[in-house]
Amino acid sequence: MAIERTFSIIKPDAVAKNHIGAIYNRFETAGLKIVAAKMLHLTKEQAEGFYAEHSERGFFGALVAFMTSGPIMVQVLEGENAVLAHREILGATNPAQAAPGTIRADFAESIDENAAHGSDAVESAAREIAYFFSAEELCPRTR
C-alpha cells in the first residue's frame, strides 16, 4: 500500500450547513490524516483558475458561481491509497446515486451542490494541492 496525499474541498453548501466537523470525522475514521487545511472564500478568478479544465463546458459558469457563493474548506489528506480512499468516502458525484453512509449521500442535496470535491488521481492531487498550499503549509503527521 502506498502512502499518498490527496486534495479535498468541502464546498459552500456543506460549510453553510455546518457539516465541516462531521466530514472531517469521516476522513479521520477512514484512516486519512489532515496535513493541511484552511477556510477560503474563493474569488471568481480563483474558481475559474482551479476549474479551468471545465471552461468550455456548459456548466462552467454555474460551477464558478456556486464555488464563490460562500466559504469553502480546502484540505490535504494523507494515508494509504488516499486518492481512492477519499473518493470512496465521498461517494458518487450525484448524491442520488451515492451509497448510503458516504459524504454525498448524507450531506449533499444535488449533483450541482454535492458537498465535496476530491482529486481523481495522484497527478491531479499534486496540481490541486499546489494551487492552494505552499510546501511549507503541509505538516507531515508522524505520530
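Placed from the backbone N, Cα and C atoms, the Cβ positions cover glycine too.
Quantities reported herein were computed from a predicted structural model and do not represent experimental measurements.
Taken from Swiss-Prot, the feature active site, pros-phosphohistidine intermediate applies to His117, supported by sequence analysis. DSSP classifies His117 (active site, pros-phosphohistidine intermediate) as strand under the three-state reduction. Cβ neighbour count for His117 (active site, pros-phosphohistidine intermediate) (all protein chains, 10 Å cutoff from its Cβ): 20.
A sphere of 10 angstroms centred on the C-beta of Thr93 (ATP binding site) encloses 14 other C-beta atoms. The annotation ATP binding site is assigned in Swiss-Prot to Lys11, Phe59, Arg87, Thr93, Arg104, Asn114 on the grounds of sequence analysis.
Once the Cα atoms of Lys11, Phe59, Arg87, Thr93, Arg104, Asn114, the listed binders of ATP, are compared pairwise, the greatest separation found is 22 Å.
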